[in-house]
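In Swiss-Prot this protein carries:
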type	residues	note
DOMAIN	29-281	domain 'Protein kinase'
BINDING	35, 36, 37, 38, 39, 40, 41, 42, 43, 58	ATP binding site
ACT_SITE	149	active site, proton acceptor
REGION	305-356	region 'Disordered'
COMPBIAS	334-345	compositional bias 'Low complexity'
REGION	372-475	region 'Disordered'
COMPBIAS	401-410	compositional bias 'Low complexity'
COMPBIAS	425-444	compositional bias 'Low complexity'
COMPBIAS	454-473	compositional bias 'Low complexity'
COMPBIAS	491-503	compositional bias 'Polar residues'
REGION	491-559	region 'Disordered'
COMPBIAS	510-525	compositional bias 'Low complexity'
COMPBIAS	529-554	compositional bias 'Polar residues'
REGION	575-631	region 'Disordered'
COMPBIAS	585-596	compositional bias 'Polar residues'
COMPBIAS	597-615	compositional bias 'Low complexity'
């Protein structure tokens, strides 16, 4: 392990701009529990040993220089603030290459936390929260500070109902009354139009964010929450100001307050001080209604936790392993000595409605039986069993011996499946190859049992299952015939919820109506991509398309083998999916099916799927966020402290002069968009956008120019093509091309 470089505490104190207390924090505070992960580290609840005061401690590793750079802003703001509506800062400590920042603890959580419990907040409660938040903002603005990230998640409440502004990680200091910021920072859904357009802005940007937060408290979510964040960045400056969805249930003064906060022109938008005189804010309700709100939410959470604990206790689980050697009489029937092992896992509910049983047996003849029976229903198709065997077809005597051995080993096993109806067998199950091209989408190969194997193990499986279930005598003959494989071999695998709408990954319109992806013609990397005729309509690529090279791909060693399709193996049957590499684009709503080393089909799409570490590509993709920090000029364009970023951009190899240039040939956005859409009228209507989006298109033009005009190695060509596809997909998402 590498030895960490010693840190000079005095230099660290000078760097942060606040004194570092010399004491060991663990001798002063007792850590109780982790509250979560903050913007730049972990946050813990702690208690002061001497006075018993509860505090929140943010612990940050000093090895992360970016985190230190960002947290310095928060500490400098908090250390200078002393106001009831601002989270109080108590001091900083240094221990084990970690910075401990001690702050005020707010036991009520954030407004967003409350909305997770009660969905919406009443109008009187919203008025109080907005009034207290405006007091905190007015204090900040008078000291020439901007919060820049006001939202429900950064407005905290304590147990007494007091409202505190928190998380000053992106706050900025205004050095004089007339100075304004012009950096792109904040959370997209709460962001003011002037911030997105990178115009000059001041504390009135916080007022806009508070208006969005008021809608968030009233409706549970901010406006446009079902839209992709990058799309929202484009929508906010162009569309009308948001408003409450159902105005009939809210008072006129509340609606007027929101409209004042969400005035598009910042020059006409009132300040925080002016809004403190608004009729909606002049409420006579006491802060005790907020403390009652916090208490009610805590009660609901505690009751919910109690119900969950009771549900877990209702399930009766039993697991036992039994090893038994057959008796002398059983050995006489079989010349070989057989030792049987069985593992049984059962769960029984009192009402008998949810009964699960798993029986696994293994003997010296290497037969394995895995059986899972769901609760008895009128539809027998809901009950299924899987039989896997490694033995040769036994003789009649061996079958009889196997039956008696299984009965002996499982004699004391009791299972709830004894009350279930016999299942009807499926006859003439076809033998299917696990990697057959005709059946690649129908059934996982590991679960396929051939017809002769099913016949071989019917007797053994039946005896194990029926004895484990303690079946009655009227089931003797029926159960021998009822161990079957209930997989539906003729149904393709289907995926649901592939187009679920969420703020992170909404479905985007596509020109494709079939289930297959477009197959592109291979290109030669050495010659680059040729520009298409501008008179010829350009067919848009889908987000799942890849641009392969003519260089043969050999020995691709990955746990999940990827099958590249060409024009010779395309099947027009709608039931067959094309197996293709997964696109890195975030806009795809289509599920890609690929096989693992065992031939089992695996879904890699969908919002809830997670890739295991073993399924990561062998080579790091150029679409990853660069590890190196960007130059100062690039920081002005793609800021690290911006909440919403494009993580796949690799910008270190792009000249700062290129991105910062105002020369027309570097800003010909129309030609870049022409390659993505053939409709000139549509393009001309999309050319009004912020410099931030313009720089994105500049990056696209840069990489396309390299692809078309410079010689590259095959590897460089593939990487550059991938970047072009990623950027093109993002631009098409923003402009809905």
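Cβ coordinates come from backbone N, Cα and C, glycine included.
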Fill in the CA-CA distance, residue 41 (ATP binding site) to the residue listed as 'active site, proton acceptor', as an integer in Å.
-> 18
Quick note, the residue listed as 'active site, proton acceptor' and residue 37 (ATP binding site): C-alpha atoms separated, nearest Å, by 17
CB neighbours of residue 41 (ATP binding site) within 10 A?
-> 19
Packing count at the residue listed as 'active site, proton acceptor' (other Cβ atoms within 10 Å of its Cβ) = 24
Within the chain of residue 35 (ATP binding site), which residues six or more apart in sequence place their C-beta under 8 angstroms from its C-beta?
-> 43, 44, 45, 56
Output, ordered by sequence, the same-chain residues six or more apart from residue 37 (ATP binding site) with a CB under 8 Å from its CB, or 'none'.
-> 43
Across all chains shown, how many C-beta atoms besides its own are within 10 angstroms of the C-beta of residue 43 (ATP binding site)?
-> 17
